[in-house]
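Here the structure is laid out as structure tokens; the discussion comes afterwards.
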Amino acid sequence: MAAATRGCRPWGSLLGLLGLVSAAAAAWDLTSLHCHFGTFCECDFQPDFQGLECDLAQHLAGQHLAKALVVKALKAFVQDPAPTKPLVLSLHGWTGTGKSYVSSLLAHYLFRGGLRSPHVHHFSPIIHFPHASHMERYKKDLKSWVQGNLTACSRSLFLFDEMDKLAPGLIEVLLPFLGSSWVVFGTNYRKAIFIFISNTGGEQINQVALEAWRGRRDREEIRLQELEPVISQAVLDNPHHGFWRSGIMEERLLDVLVPFLPLQRHHVRHCVLNELAQLGLEPREEVLQAVLESTTFFPEEEQLFSSNGCKTVASRIAFVL
């Protein structure tokens, strides 16, 4: 099922990749015609796990847990001819650690059209749900959008960004779509994928990573079992998170909590080298050092983790050059 033309290859900057989200909406009207009159819906879902694993290995710095968990969950789900429920992933971690980057890679390597596919739906609270006073309308619209698109094509991907900025109450309308029922509102929805992204739990993940470092444990020794309970509790305790009292956590509808660890100096260096390669530039030590010296690290005493992860690497390189 792999699509050879989408194999592991150099990418543009992360900002450029995420910029395709807006283009996806513009492509909807044209490509949706294929869903009604052809077989584009099935053909557009063309997983390329070899390309995904290659890209994650080359470009995602310092995230052994995220790489393993995401690939394992996706493979098991896609290879199951009759899943009993949709795949529901929740990505958690500090800013700039790769959450949005991974979600973009998933769209690219699961759908032929990538982020431009009419079956990849990206939601941002600031763009799509900005006014708390309009919550009832948002609920109705979101429910109709999910239901309608799953009716058109069961192989759909729904991305919900910045869940920690989403007004509580909205996501509860997704509850019937995430469980183990066979049919909801006459729609077969079991092959859908839902991904929720937030910074909630980032501080707790950072603390576990810091304690591991202080205890002279290798970063790769950190396991999901150490992080899952503290992330879950952070979400349940946060009244500003979109899952607040939605029933999604309480009813255990999340298949995998995916933690993203804070990035250390050598991970930021890795990101700088990647960005230079994507720009077609040779690695230069003076550029590397300038970017690292302009990056803020914490805690104050250890200066161990990057405050912004790799999020500002591209802009810092542009400034240095």
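Placement of Cβ uses the backbone N, Cα and C atoms for every residue, glycine included.
Curation plays no part in TrEMBL annotations; they are all automatic predictions.
Note that the structure is a prediction, hence the values are computed from the model and not measured.
Per TrEMBL, the feature signal peptide maps to 1-26.
According to TrEMBL, the domain 'AAA+ ATPase' annotation covers 85-227.
Annotated ATP binding site per TrEMBL: Gly93, Trp94, Thr95, Gly96, Thr97, Gly98, Lys99, Ser100, in sequence order.
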### Query
Thr95 (ATP binding site) has how many other Cβ neighbours within 10 Å of its own Cβ?
17
### Task
Please give the average pLDDT for the domain 'AAA+ ATPase' (85-227) in this predicted model.
93
### Summary
In chain order, residues whose C-beta lies under 8 angstroms from the C-beta of Trp94 (ATP binding site), counting only those at least six residues away in the same chain, are Asn199, Gly202, Glu203, Ile205, Asn206, Phe260, Pro262, Phe305, Gly309
### Message
Given a separation of at least six residues and a C-beta threshold under 8 Å, show me what packs close to Gly93 (ATP binding site) in the same chain.
### Response
Lys99, Asn199, Gly201, Gly202, Ile205, Pro259, Phe260, Leu261, Pro262
### Query
In sequence order, what residues of the same chain, 6+ apart, have a Cβ less than 8 Å from the Cβ of Gly98 (ATP binding site)?
Leu60, Ala61, Gln63, Ala66, Phe260, Gly309, Cys310
